[in-house]
Amino acid sequence: MLTKLKSLLSLTGPQVDYLRPLKTNDIPKVLTIERQMYSYPWSEGIFKDCLKIGYSNWAFIKDGQFVGYVILSVAVGEAHILNICLDPAYQGKGLGRQFLKEVLIIAKKKNANSVFLEVRPSNTAAVQLYKTAGFKKIGKRKNYYPTADGKEDALVLSLDLTSDSA
């Protein structure tokens, strides 16, 4: 197992009360968080499609409250974090790190050898979280995200779940 992953998994701090599969009746809560966090949020239809397709969709529950979600695609040894979001009221408390840890555990249980994601360079808190977890930049997608002024590139990050070199 990765040294960085071991380090991440041994972190102490806020604990997730539990993760549970995301359900259709969670979509209004998902959309509320999504719209608070993003100027260009995913639509209700996209989230419904993710549930229908059978991605690994999880709700983060803390102190009995729905506080975040992740949409994770896992196939052929690779996991792709398509969307991960935490309610802004719960940010800055170490929960993002805890949720990411849980997502990586899920990816490993589903036999993923690596995890990929895209992130806005302007989302500096998320970029730092991923770097701290051991993710490495492997590329850039030009003009990937819409902005008020046009488009923003996406950083493509990867975490190797199989070797100590990451």
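Every residue, even glycine, has its Cβ placed from backbone N, Cα and C.
What TrEMBL says about this one:
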DOMAIN    17-162  domain 'N-acetyltransferase'
ACT_SITE  E118  active site, proton acceptor
BINDING   N123  acetyl-CoA binding site
ACT_SITE  Y130  active site, proton donor
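Using a 10 Å Cβ-Cβ cutoff, the residue listed as 'active site, proton acceptor' registers 18 neighbours. Around the residue listed as 'acetyl-CoA binding site', there are no C-beta neighbours below 8 angstroms that are at least 6 residues distant in the chain. With DSSP states grouped into helix (H, G, I), strand (E, B) and coil, the domain 'N-acetyltransferase' (17-162) comes out at 51 helix, 60 strand, 35 coil.
The two recorded residues, the residue listed as 'active site, proton acceptor' and the residue listed as 'active site, proton donor', show a Cα separation of 10 Å. Sequence-distant contacts (6 or more apart, same chain, Cβ under 8 Å) of Y130 (active site, proton donor) comprise L100, L117, V119, L157, L159.
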